[in-house]
Every structure is written in C-alpha cells, then in structure tokens.
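Here the structure is laid out as structure tokens; the discussion comes afterwards.
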Amino acid sequence: MGKFAVVLGSQWGDEGKGKVVDLLTENAAAVVRFQGGHNAGHTLVIDGKKTVLHLIPSGILREGVECMIGNGVVLSPEALMKEMAQLEAEGVPVRDRLRLSESCQLILPYHVSLDLAREQARGKAAIGTTGRGIGPAYEDKVSRRGLRLGDLFHRERFAAKLGEVLDYHNFVLQHYFKSEAVDFQQVLDQSLALAETLQPLVMDVPERLRELRAQGANVMFEGAQGTLLDIDHGTYPFVTSSNTTAGGACTGSGVGPLDLDYVLGITKAYTTRVGAGPFPTELFDAMGEHLARRGHEFGSTTGRARRCGWFDAVALRRAVAINSISGLCVTKLDVLDGLETLQLCVGYRCGDAEFSVPPAGADAFATCEPIYEEMPGWQESTLGVTRREDLPVNALRYLERIQEIIGVPVDMISTGPDRDQTIVLRHPFE
C-alpha cells in the first residue's frame, strides 16, 4: 500500500524543502503543491547543476513523476509560462506531466500593483512581502471576488468579472495609494492569450488523488514557506497569506486528512528568517555573518540576505505539534562544521517569566529572549557524509539532543546541496 506524505518547512521557510522533495520523489508517483504561489523558491542541485523552481512542483525533474498544482495555490499565468519555458529549454517535458486545478485563484497584474503600493505606503513598517501579488490574490479569494483559472476558459465571463474587480482595485490604487490605474484591455488580452496553452493542463486534482490512493501509489505534498509563516499559526502579521501547515495540504488539494500517512518537518541545523518579524535567536555579530556566509543565505526568490541565528527548539516544538510531524529532516548540518561551541535555544525569557512554548502574536514574541544550552561543536567535515556512523561524535550528540527536546525522531540529515548528500534513517514512503 502506498503512502501520502507531506513535506513542509518547520521554521520561517528556506529550510531546504526542494532538495528533500526531489530526493524522495524517486519513490513517488506524484507531487502536489497545495499553497502559496511563485513567492516560493525551491532550489535543487542535481549532479552539480542548480535549478530554482518557484511554482512548479520539485518532482518535475524526476522522469515519470506527475506534478499537480492544487486549488490552494494562487497561480500567476505569466510566471507559470515563464517557468515552463525555462524548463522546456533544458529538455524537461513539462506539459506531459504538469496538471492544474481549475479552482486555483489567478494572480493578475493589479495584484502586483497593489502589493507594491502597500509595501511602499507602510514604509519602515513594511512586512517584507516578495511583491508578487500573493497577498492581494488571497484577499480576493476570501472576499469572493477573485478570478479562478477555470474562468479564463470562458471569454465573456472572464471579461465581465475582470471589469468588476478591476474597477474596485483601480479605485483603491488611484484614490488611496495615488498610483497609476491598471489597464483593463491589456490585462484581458494578456490573460486570454494564455488560455489555449493552459486549458489542456487542467485536471480534477481531488479525483486524481483518489485514483492514486486506490492504486496504492506514493504521493508527496510539497509545502512552501514554513510553519512560522502560517497565516493563522505564524508570527502574525509578519506571515504569508496561506496555511503553510499540514492541514493546508488537505484544504489546498482536496485530499482527506485521514489519507495523510506521514509528515516530514524540514529544519535547518540553525535558524534563518527573511524579511521583518520577531526572531529570538537572531545573531547580530560575527557568528551571524559566518552562518550567512557558510550557508549561502540569500533568498532564491528575492535575493535578499537572510537573517541568521542559533537553533530554536522552542519554535520547532510548536511546529511539531501544529503539524503532527512524524519525523524531522535536519538540513545544512555541514554549515556548523568547525565551530568550537553551539547554542541551542531551549526556552524563552519574557520579562520575569520563562516559557517553553512561543507566545501568541508578534508583539509578545518580539519581547522574548532566548535561554540557551551550550553544546560542543566539531572540527571534522560532515559535507557529503551519507552514513550516520560516519558523522562526528559531537554532531551526533547535537542531533540527539534536538531529537530529545523536540520529541520526534530525526529521520533524515542533509549534509550538502546535492540530492545524494543525504543520510536517510527512515524513509517517509517505507
């Protein structure tokens, strides 16, 4: 009997999900994206060749793996076509294996204009969005005025709906943000021009998942961003606009919760964050710079430098609980090579009180100071190690301590960017 497994980030994103999904899809029949949009940046390195995917599931580089974009994703037709063209130029037969839910909300040019105008208006209080229209598209979805992929295949219906929603957004752009209006005819023509290409890719994703379940196939659900950026459970308002947690795999694809057999939480051996928001273990000294330099911590979507800090076990415990995480994959262990000592955050101090769980909301979170437990580092290299017994003793102790604090096993360890630089202790599909 096959398994349905979820792979998601258990920190603030950028944990290395793309590589792990790519590795695990060797045993998968299909990979499903269920939330987010082209604000994701999943980096894969295969035989030294680097590929960055923003929208298309990471399984696209595995021959024969079906790739689906579920209804929970906000879809930019323009970004999708660009990514398809890049992959096809490299010989990847994207159209043979990519399938789209017609219930995907569309990201259109006015969403991008709104996103940029809002961030500019916030000034120093900016959230740090990617400026790609993700948030405004999700707003339209919740307010029930959004256009969906299925609308694109009905010219008159699409034009009528577009006219209504664009009147609304242009009023806001012009009269509130003092920005330029978005041209109706230009958006209409650009969108309809893509309909013929996209329509053959449409599939009833929930029904296909039911078929795969009945066939006993392995299916991977690929999360984007990370648990601490979840719209409900993250450090609100410094969050993304979707549910990045395991529950989002169900609502964003149409699979039932009892069909999920395993949840793999991806976590770096340290912690990073992009953009604004509280980050208790953030390092502002030479050590923070060292982690950023060794870990090549620059966003694959925005190019922005990531903030770096020590491992935060408090935040990870919350992520484990919210997602019912079955096992952890610890990535970038090799970045810690050569350090004399390491710090593990095992609690928070907020004023006179100490906490073993994160407080609710960004304001309270921002007042927390980390309570550290010091551990010895290791001088040996872990880069490319593929067997647990070949890891340095102190690296093993570090992983065992994380496992002990968090309460779930470390099932995988990543020791480098290539798919083969991985230690698999328990496979999600076995």
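Including glycine, each Cβ sits where the backbone N, Cα and C put it.
Bear in mind that the values here come from a model prediction, so they are computed numbers and not experimental data.
Feature list (source: Swiss-Prot):
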type	residues	note
ACT_SITE	Asp14	active site, proton acceptor
ACT_SITE	His42	active site, proton donor
BINDING	13-19, 41-43, Arg306, 332-334, 414-416	GTP binding site
BINDING	Asp14, Glu15, Gly16, Lys17, Asn39, Ala40, Gly41, His42, Thr130, Arg144, Gln225, Thr240, Arg304	IMP binding site
BINDING	Asp14, Gly41	Mg(2+) binding site
BINDING	Ser300, Thr301, Thr302, Gly303, Arg304, Ala305, Arg306	substrate binding site
How would DSSP class Leu333 (GTP binding site) in three states? helix
Neighbour count check, CB within 10 A, over recorded positions Lys19, His42, Arg304, Arg306; minimum at Arg304
Between Thr415 (GTP binding site) and His42 (active site, proton donor), find the distance joining the two CA atoms and give it rounded to the nearest Å. 17
Largest CA-to-CA spread of IMP binders Asp14, Glu15, Gly16, Lys17, Asn39, Ala40, Gly41, His42, Thr130, Arg144, Gln225, Thr240, Arg304, angstrom: 34
Please give me the binding-site residues out of Asn39, Thr130, Gln225, Gly303, Arg304 that lie within 10 Å of Gly13 (GTP binding site), comparing Cα atoms only. Gln225
Compared by Cα position, which of the recorded positions Asp14, Gly16, Lys19, Thr43, Leu333 is the closest one to Arg304 (IMP binding site)? Asp14
For each of the binding-site residues (Ala305, Leu333), count the other CB atoms lying within 10 A of its CB, then report the residue with the highest count. Leu333
Give the sequence-ordered list of residues that share a chain with Gln225 (IMP binding site), lie 6 or more positions from it, and have CB atoms under 8 Å from its CB. Gly9, Trp12, Gly13, Gln35, Gly36, Asn39, Ala40, Thr240, Ser242, Thr244
A correct count of other C-beta atoms within 10 Å of the C-beta of Gly16 (GTP binding site) gives 19
Tell me, if you would, which residue among Thr43, Thr415 (binding-site residues) has the fewest other CB atoms within 10 Å in the structure shown? Thr43
By the 10 Å Cβ-neighbour count, the most surrounded of the binding-site residues Asn39, Thr130 is Asn39
List only the single closest residue to Gly303 (substrate binding site), chosen from the binding-site residues Gly16, Lys19, Leu333 by CA-CA distance. Gly16
Top of the binding-site residues Gly13, Gly41, Gly303 by count of other CB atoms within 10 A is Gly13
Smallest Cα-Cα separation from Ala305 (substrate binding site) among the recorded positions Lys19, His42, Thr130, Leu333 is shown by Thr130
Taking only the recorded positions Gly41, His42, Thr130, Arg306, which one has a CA atom nearest to the CA atom of Gly16 (GTP binding site)? His42
